[in-house]
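Participant: Okay, handing you the structure first.
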Amino acid sequence: MKSRIFFITLLTIVAAQESADQLCSSFDAQQSCGQCIKAHAECAWCIDPHSSLTNRCQLKSKFTNETCTPHLVYSPQTAQVKIQQNLPLETKQHDGKTIVRQQPQAVSVRLMPSHSATVSFKYLHQTDPSRRSTEPETMEIQTSDVKDTPLQLKFFIVCDGELKETKSCRVQNNQIVEFKIEVLVNSCSSTGDITLSVGILRQRTIAGLYVTTICGCECEKHPEINSRLCHQNGHLVCGQCVCDQSRGGDKCECPLASHGVSKASELEDKCRFNSSSPVCSASGKCKCGQCQCNKPTVTGKFCQCDNDSCPLAVNGKVCSGNGVCDCGVCKCEMGWERDDCSCSTASNNCVDNGTPAPEEKDKPESVPEEPEATEKPDDMPSDSDLEKELDESSSAKEEQTSSSGVVSRVCVLLTFFLLVLNF
């Protein structure tokens, strides 16, 4: 049972990772640093202006030293809690008169949407001196109204020695009570930072809780206007050029009018096979409407042909060394055939894996007798029929090889699954 749970958990983690990767690679996430970090908590943005990356937004784990300088990979923490003021209980406030009964007095919280943080408080309960009863009193946490904010609050109090999800508890005079508030941000705030007051009902004590929703990048607040890196035709924002309306390209180097377009997005679309395809098939960079492929072996108008993707033969060579790889398909030299150019047409027979049938050992030469000319019986197969039978035999062998390969893969998968179950 534990093995099955482990296997299911593993599959769930893999699926979640793939989903996050898709969100980070989406069109919206590539538009800006802010859009990137909002796409998913695992997304990060390369703010290195000299990076050659086509997609600046990626899973944080995908960045390498070669693709982006490590300290220039921007990935804010999903939750940050910072205590701003923390005077101890029973000390005097700055006015020299008021006794501190709630600690801390000011806390700032930064949260990404769909994430939460827990803030801990202590409260010193003191009854009215005129009250003579020694019976426990009810303390109740109160806060500002959060109805019109994207916040969701949960309250916990250490009550009777146990942490309970509640807003109230019966306490004794001079008892120090610990309580916690869990803050969840459901979405970005349209009004900026949110200020909450946290106190105890009917008590003269209060603390400030300041919540900031992380829905953008700090670097977006400090653009480099008319940057030289953008040919002075745009602003450098978080390592990426935001071009003037008349310019396009990674570095604003392309005048749109010269390329027959009016928008930068139209110029980029010239590097797509269709509207849903990635720029340059994700194998190159778009330079003023033309693809420049990342590797010499990648070709095509949209870098759609990978000339390293042809099958390897048993001899370890692409196209068996008897042809060239053209856009993922072997184009065989004269005298060779099959998908991997492994079969010689001269032998008229080729076994599996492209290995020619062994030639017969040399026999002593003998002069064959001249056969007598005889008429061919009507039921004897013609040469074309024999060739047809050979082709059918070859096809049958290929089907048999393919079937055995499938069975082999199924067996491997079953063996792996059984090993996991026994783990």
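Glycine residues also receive a Cβ, built from the backbone N, Cα and C atoms like all the rest.
Sharing the feature lines straight out of Swiss-Prot:
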- Cys33-Cys43: disulfide bond (DISULFID)
- Cys36-Cys68: disulfide bond (DISULFID)
- Cys46-Cys57: disulfide bond (DISULFID)
- Cys230-Cys241: disulfide bond (DISULFID)
- Cys243-Cys252: disulfide bond (DISULFID)
- Cys271-Cys286: disulfide bond (DISULFID)
- Cys293-Cys303: disulfide bond (DISULFID)
- Cys305-Cys327: disulfide bond (DISULFID)
- Cys310-Cys325: disulfide bond (DISULFID)
- Cys319-Cys330: disulfide bond (DISULFID)
- Cys332-Cys341: disulfide bond (DISULFID)
- Cys343-Cys350: disulfide bond (DISULFID)
- 354-406: region 'Disordered' (REGION)
- 1-16: signal peptide (SIGNAL)
- 17-402: topological domain 'Extracellular' (TOPO_DOM)
Participant: Compared by Cα position, which of the disulfide-bonded residues Cys46, Cys230, Cys252, Cys286, Cys325 is the closest one to Cys305 (disulfide bond)?
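Facilitator: So, of the listed disulfide-bonded residues, the one sitting closest to Cys305 (disulfide bond) is Cys325.
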Participant: Could you check which of these disulfide-bonded residues, Cys271, Cys310, Cys319, Cys325, sit within 10 Å of Cys332 (disulfide bond), going Cα to Cα?
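Facilitator: The disulfide-bonded residues close to Cys332 (disulfide bond) (Cα within 10 Å), listed in sequence order, are Cys319, Cys325.
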Participant: Disulfide-bonded residues Cys271, Cys303, Cys319: which have a Cα within 10 Å of Cys68 (disulfide bond)?
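Facilitator: Close disulfide-bonded residues: none.
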Participant: Spatially, which candidate from the disulfide-bonded residues Cys36, Cys43, Cys252, Cys286 is nearest to Cys325 (disulfide bond), comparing Cα atoms?
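Facilitator: Checking each of Cys36, Cys43, Cys252, Cys286 against Cys325 (disulfide bond), the shortest Cα distance is to Cys286.
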Participant: What disulfide-bonded residues in the list Cys43, Cys271, Cys286, Cys327, Cys341 lie within 10 angstroms of Cys293 (disulfide bond), counting C-alpha atoms?
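Facilitator: Cα filter at 10 Å returns Cys286.
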Participant: Including all protein chains displayed, how many Cβ atoms other than that of Cys33 (disulfide bond) lie within 10 Å of its Cβ?
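Facilitator: Result for Cys33 (disulfide bond): 26 other Cβ atoms within 10 Å.
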Participant: Out of Cys33, Cys36, Cys46, Cys230, Cys241, Cys343, give those disulfide-bonded residues positioned within 10 angstroms of Cys252 (disulfide bond), comparing C-alpha atoms, in sequence order.
Facilitator: Cys230, Cys241
Participant: Counting only other Cβ atoms and using a 10 Å cut-off, which of the disulfide-bonded residues Cys241, Cys327 scores lowest?
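Facilitator: Across Cys241, Cys327, these disulfide-bonded residues, the one with fewest Cβ atoms within 10 Å is Cys327.
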Participant: Could you tell me the mean pLDDT the prediction assigns to the topological domain 'Extracellular' (17-402)?
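Facilitator: On average, pLDDT over the topological domain 'Extracellular' (17-402) sits at 85.
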Participant: Once the chains shown are all counted, how many other Cβ atoms turn up within 10 Å of the Cβ of Cys68 (disulfide bond)?
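Facilitator: I get 24 for this one.
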Participant: I need the most crowded of these disulfide-bonded residues: Cys57, Cys332. Count other C-beta atoms within 10 angstroms of each C-beta and give me the top one.
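Facilitator: Neighbour-count leader: Cys57.
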